[in-house]
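*Asks:* I have a structure I would like to understand better, so I am pasting it below and will then ask my questions one at a time.
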Amino acid sequence: MDSPESSDRGLNPMTPDHGGHNGKVVHYFGQGVEGGPASPRKLGHGHLHPKANTALLLLRLLTFAFSLASLVIMATNSATTTATAGRHRTVNWVDFDTYRYVLAACAIVCLYSFAEIGLGLWYLLKGRMVMPESMAHWFDFGHDQGFAYLIFSACSGATAVAHNLRERHILIHGMYGCDEANSFCMKAEISIGLAFGAFLFIALSSLLSGYRLVKWLILGP
């Protein structure tokens, strides 16, 4: 006669003891049971949730769009002063070091964001990274941080120059202010504002890439 213990094991096929008798390891949530519900696929410790990966890709797209728009506006920023004495001179973005700095920073961030968009699409479509995982995490976070500081410093310096031009503390060619070159000043200010937008989005990207890096360092791949 079977003992109550063995009888209980026979009535409860989900216990580990039953799995040991028939040679099949059965887990409590039905994993490994034929016809049982499939367990959800677990994410690797060093990976973000799919929604977070999509959000990161969206931030890359916004960074690219804002930095490209700022780059184009600054690169085409040229105007002719309107002086009452009849002396007209052309003012260009290359006349100011800080504006050249903004253009260079936006160009670098634009190219970097474009490359990151390609890498992000590859990961979403293929499910794997182009570079080794450890290198990819450090690459993304390091460049996000570095380029965020780069474009922020460029915008900060250019904002001071734009303000001083408006207040006539700095004169264009030593004699003109924004009253005589209003279109030039306005385009420069718009370009700086868009560059600040690019900084905001790449800074948010660095938060996600930093979280992914810390998660990978603590929990492993």
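Glycine residues also receive a Cβ, built from the backbone N, Cα and C atoms like all the rest.
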*Asks:* So that I know how the record lays things out, could you check whether PRO50 and SER183 fall in the same topological domain in Swiss-Prot, i.e. on the same side of the membrane?
*Replies:* no
*Asks:* Tally Cβ pairs under 8 Å between the transmembrane segment (102-122) and each listed stretch (55-75, 145-165, 190-210), then give the stretch with the top tally.
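*Replies:* It is 55-75 that shares the most Cβ pairs under 8 Å with the transmembrane segment (102-122).
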*Asks:* So, by DSSP, how many helix, strand and coil residues make up the topological domain 'Cytoplasmic' (211-221)?
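*Replies:* Counting residues per DSSP class in the topological domain 'Cytoplasmic' (211-221), I get 9 helix, 0 strand, 2 coil.
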*Asks:* If you run through the topological domain 'Extracellular' (76-101) with DSSP, how many residues end up as helix, strand and coil?
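*Replies:* Taking each residue of the topological domain 'Extracellular' (76-101) in turn, the totals are 8 helix, 6 strand, 12 coil.
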